[in-house]
């Protein structure tokens with residue numbers, strides 16, 4: 001990945017940009033701000049393409065986290081960067097200063113943090129990609145679990161059915177254990193019978209050999 005794949009970032013409350021950082025000059029800042037004005041307010045992730053660059057947004061709880069990246073950076077690295085920024089920002093300002101801060105008033109405090117996160121993500125692309133894949137898998141599992149729970153809670157009979165099913169499974173498991181014990185006992189008895197029969201045959205063969213060699217009992 002190119003060393004300068006992430007070129008601009010900001011954090012906004014609504015449409016008010018509280019902190020931003022870039023080492024470059026260009027109209028990407030105004031384009032990013034224009035996109036911010038048109039973003040849906042619902043929690044989500046958005047990516048827009050423009051002239052070889054991507055404008056990536058993470059919207060959560062009234063705050064928007066943005067990063068402009070070169071197209072070759074893909075989507076995973078920019079989105080992982082936004083997640084890191086969101087976590088750091090919430091730790092520092094969650095439920096406090098960020099709720100009333102003025103435009104660009106957090107530049108001195110948090111601008112350097114944006115730069116640090118940018119540099120880290122650009123310097124450790126492999127690590128970021130691995131973490132992103134793990135988080136994606138976890139999110140997918142959480143999504144499936146939540147969906148299933150919501151489906152169950154929609155109808156009371158489904159919950160009852162699950163309880164009934166569980167009871168049936170318990171009873172089936174008990175029956176299986178009982179049957180298994182009986183089967184093991186039966187197999188043990190069969191094995192013992194076979195062993196006794198084989199032993200009797202061996203003894204009989206030995207007796208026959210002894211009798212034939214000794215001409216009866218005249219040894």
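Backbone N, Cα and C atoms are what each Cβ position is placed from, and that goes for glycine too.
Pulled from Swiss-Prot, these are the features on record:
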type: DOMAIN; residues: 10-114; note: domain 'Longin'
type: DOMAIN; residues: 130-190; note: domain 'v-SNARE coiled-coil homology'
type: TOPO_DOM; residues: 1-196; note: topological domain 'Cytoplasmic'
type: TRANSMEM; residues: 197-217; note: transmembrane segment
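DSSP places the residues of the domain 'Longin' (10-114) in helix, strand and coil in these numbers: 43 helix, 34 strand, 28 coil. Here the domain 'v-SNARE coiled-coil homology' (130-190) returns a mean pLDDT of 58 for the predicted model.
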